[in-house]
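What follows is a short report on a single structure.
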């Protein structure tokens, strides 16, 4: 239903209205809505009706009933008059306006992650993990570079680690002899690094007299039956 702004019904919205029905009952409530059939909605409504006495000598008495929210049918409505102005809004919480004065706090949006200007906390020196380059490859090897550059850097790092000179205490100009390796006598070449020395007596000592050729030196277990022992020193093993 389209109603103009100058309608009298709209001007009485939220007023206390007195509505009289055909049967004589009176409804007084706050006028909230209506339609084209004059159906009304009243809130905080009270009903007043007159009760006739049984005897003619007794006067009529009026009875009041509290109804609350009421829907009145327009076909039963006889008259409608203003009972009072709209009630004042008391105790209703309203949303504060944007320009209203606020409190001492500052409203900020909840951010995600670490802000750009805040420094990242670091662990103490004693609790931090190993530094890059200590106990592992150097920083040059770990830095992403081209294929050839990475391979060259890795070879250079390995060579620098393998060929680094060892510092010895003063007074000792040569490196100590490795444990478990005997110094060969003059005139005998030592085996190259990584190769086992030949089987037999220790280097620099002649074979013991009384030991037959092909028998293991004292202190070593003989080979199992059916397996020939190692050849004597200075002889090449037979070809299969």
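Glycine is no exception: its Cβ is also placed from the backbone N, Cα and C atoms.
In Swiss-Prot this protein carries:
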- 4-86: domain 'Sm' (DOMAIN)
- 108: omega-N-methylarginine (MOD_RES)
- 108: dimethylated arginine (MOD_RES)
- 108: asymmetric dimethylarginine (MOD_RES)
- 112: dimethylated arginine (MOD_RES)
- 112: asymmetric dimethylarginine (MOD_RES)
- 112: omega-N-methylarginine (MOD_RES)
- 147: omega-N-methylarginine (MOD_RES)
- 165-240: region 'Disordered' (REGION)
- 172: omega-N-methylarginine (MOD_RES)
- 175-236: region 'Repeat-rich region' (REGION)
- 183-205: compositional bias 'Pro residues' (COMPBIAS)
- 214-240: compositional bias 'Pro residues' (COMPBIAS)
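Confidence for the region 'Repeat-rich region' (175-236), expressed as mean pLDDT, is 61. Note on the domain 'Sm' (4-86): DSSP counts are 7 helix, 47 strand, 29 coil.
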